[in-house]
């Protein structure tokens, strides 16, 4: 059986061969781009319907559907990312982590933002002084409970 | 001269003594809460006007203004944060980093989102199934240039 | 203002001076022992009522109530614990982590066990061949959602 | 001779081909699911009888029995796990480790919970507010002895 | 599709076979040597024109153009470099980092030097007492903004 | 005897009290700013003349001269710097390290750039599109010798 | 209340003042030297009788008895020891670990040697070619159990 | 030429095929089991005679003798071992390291136990309460010398 | 083209096949043994003449000359070496590093010993009490310069 | 009782006050400079005679003799040294470690150079092209023994 890594490589090849954007692939799966890409990169599992749509859209082999639906083991190699684009987000968490913590506690009480009941969008804000990346994270607040 | 750390401790004490929220302190400084808190926690410098306003609002000693205006050395101890609230953001970067990278490159070309020409807001989205934390990051896209 | 660490030291001293067990302290706070101890050790915040009860029970200074109610920053020094009692639990996660993952996914689908909407109990099972420690963890299943 | 890793890959393939659950496989081996899965994933050795049962159930090659019975070298790659499901357990040990230590010492005296003379079960607790994962660990208390 | 690593290996082979220097290759791409080499080593992407020129110059296969134009994931293995030539630069950052920081802040205010809107040149300064390496970095100053 | 760290703190205080810039202090020591600052921050030793000049300029206690002239043990805490200004230089070494190595070897043969027989300057290049930081490093080429 | 560290420092002082050897102190506690020293260094707890004997022998303050009887948190700073004497033992585990594992499994089956139900002795073997250190470890074999 | 790793794999296969124990193999080499196993696992070199005996006993290819006699580079992957059996020994060094150091210095003066002029034995002590593992290390004391 | 690693493997094979010592190979290259071996192991580059001599002596393929003359990227895997022979040198640097630093500064002033303009020899000193290894390092003193 | 660290600080102060060189201090102790300095820096213990001589020479308090004679715990903070002078020696071990290993094995057989039965000298070799540091290490060869 193909691994998730092998399937990702195949998806990237098909995407290139068909000259499809991630936006188009996500639309074809009826999913938002962030979630669709994360599943294609092997970091999320798909429900049956979008899995089937992706298989059809990219003409993937039949077993791909099962692999796309399997629960992934989420692994990253670099505890501190080296790629500058990803590192900047790491830096933001380092610099603003305690600030985020203080403000969430002030607004919501003791608890955390879920990274599971969670969604993210990436948008482009056109700006004459230089376009801007807008990242929106939306996660359920999970209060600590005592027992 | 007081260190930034000592000043932060003093600010937290004054904040508690005056029963002020971060929202109120930020409003008193005419700044957004995220930036205001980050400066109070010693991770950003203030321009003279908000520094003076904070000194007045919290009745800080005179030298505080200079310290608030000084360029901080941004340091965090834990390469991988342990606090669950902050860790969840680290995890988001680990899980979605390559996805964010793919989508920014698709929308903007080769480059990164600036963590310097950058702003962030934290909002509360009321929801009967449980309120939600909404974090918005807005950073200038910086294209790689060749030379 | 006293730090959480200083308050923990004071609680330990009062506990010794009054010859109280953690069981008795937890009962006095109307909380389970695990949660009560974790709050006394500075790893969880208390609601007002149990905070007040603890202050009264141990005759703590007035400011202790506020400190007990504050949201803690959860920090541990050793990424890999050295104390043998704690290390054994780390080892269990290392050895059985993928097994736990496989079984939770089989029973619940893709998602995780919450460490926030979570409780834990520690019991003693008497056994002529040697008493046994029984640790029960109970966490809400949080399914991954697509968007 | 096949390595334990190769055998695990084969078991996963056979499991998928036969549409068997871990529960069913464990039942076929007359073992609890946690232990059965850990052996299939190469983290525990099997006695001859369950090894033979597994070979028969999944139609594994003859040499599989020997490999399943061999003492494994237990290795994990990530000192701090990245997969969110497994990380939450790591976090629980970080947050509650000193609490667990205090309570075991109070109930049992100086010593540890064995991770060898040990069993674990994973159960599903149905709950209208969201089903819950219940993990039960049961380990022999091993008192420190002086000499 | 070839990976960036495989393409780099091919470029190095072609470069040796054709006895070309990096200077000559960069000239052939109408780019400065530092940028040209970094793209050949897979650490920067090329615009279409220089990519085509390189393909022609080194007689690379057609797909090379696409690969050269793809946004690379920038990765380095050694957090602390071991090669003496590279380590000396790491050491310079360690020894002079706080000095550089103090002087940039004095000259420009709070902010950083961009590593993206950035160029670098390496020159040879002939000197009877031993030739000297001159490295010039030129990066846009990015001021921190408040919001 | 005062440590280098204590002396640095004193220098920073005197600098602030006298409203002197690093440029002015360096000029007063007849040294370039980078070297002068690095010595004030305890990362380089001074010859007697500039040490005496600094003592006079900042009205430091007599023992300061000896301390400024002592050979420092150069230490930095963070193998990977966290401060964004310093990190960007670390990133430049990570991204361009192999490029720098290739070009130095092409121009000079096998060897390294000395970080000891070395100087550095930091300049401001005014630019309507945003001022630029120019860092120039100049180090003696040291060829590997065989024996 | 004194910490274990402070008590250890006091014990070392008293030991020096009274010119007592560890052998003599252990004999006075009716314990073997290894266990007695480990308790004096804060790495093991004592039963009441030897604790009282040590307090009497070294004329320690009354509270020392409670501290000696408390369950210690066992911590070491260096994951890889630097002191040559201790490092050699670390090296022995690195070099011979898989050998020890193979032989214990051959002799006992799958399981481990307990580090809790464990004793150690250190002896001197006189030898004209140079005296020899003899370290004997004796730990209960704990078989893995299935469930 | 075969690597030491490949030879170890071959030895393990031959050992299984011939149903030989390590005890028997060691006896056939006229060596103690610990040393014999460590050489078979590639962590020690053999003299010609036992190398020849092993080649004959296991019917290894002729080049095996040379490889067994070659000086190995001793490498282990995990600075902190994960396998529970090996970890327990690591833990013993962590907990008792300073104790061992104190007692060796008391008995022998300043110096260390050699890990080179060293032998080790592993024995089984039968015990109705559970058999025990006895590990004996015997290393020459090496005194520090002044010069 | 062969990598340096592949060439090293080939050299070791040829060396064994021809029963040549490193001493003999070095003599054949008219180089000292330390430098010759380091080049054969891929850690230094050769000038054309010794490269040609080595190719002839070991009957290496023609491309070997180019590879031997290429500037190597010097990499080592273990920040702290595990092999006992190499570790002892690491330990010497750890134990005596500050001593070496103090004495070089006393004799030479502020600066370092070059590791580039550097040579090393390894000799055997016969001694009835056990032969001794004599390692001599000879490196140019590089004074820090101010600018 | 003073710690070794406190005594080292006192020795450095006395050395400065008396304007003594390390050479002179070593001569006064009838020891070589390397050993004498390492003992003054707390990394080696002294025999009674040189300890007494040092106490007299520097007019140290009486208890200093005992402290100088105590067996030190040898600790260094940086697994990879940052100070350039010390790092160069680390680099030498990284670059030449396998070379040293190959040559010692060729000359002596399987074994190591002792870092305990060991001496080191640091000399200055005058040279018109720049003086040179000569470091000589002399350690007993310790052969691996089988048993």
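Cβ atoms here come from the backbone N, Cα and C positions, even for glycine.
Those TrEMBL annotations? Automatic predictions, nothing curated.
Residues annotated as domain 'Cyanate lyase C-terminal' in TrEMBL: F:75-147.
Annotation for residue F:88 (active site): no same-chain Cβ neighbours under 8 Å separated by at least 6 residues are found. According to DSSP, residue F:88 (active site) sits within a helical segment. Look at TrEMBL and you will find F:88 (among others) tagged as active site.
Taking a C-beta cut-off of under 8 Å and a sequence gap of six or more, residue F:91 (active site) has no contacts in its own chain. The active site annotation in TrEMBL covers F:91 (among others).
Summarising the annotation, TrEMBL assigns active site to F:114 (among others). Neighbours of residue F:114 (active site), defined as other CB atoms within 10 A of its CB across all chains, total 22.
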Tally of DSSP helical, extended and coil residues in the domain 'Cyanate lyase C-terminal' (F:75-147): 25 helix, 27 strand, 21 coil
Across the domain 'Cyanate lyase C-terminal' (F:75-147), average pLDDT on the 0 to 100 scale: 98
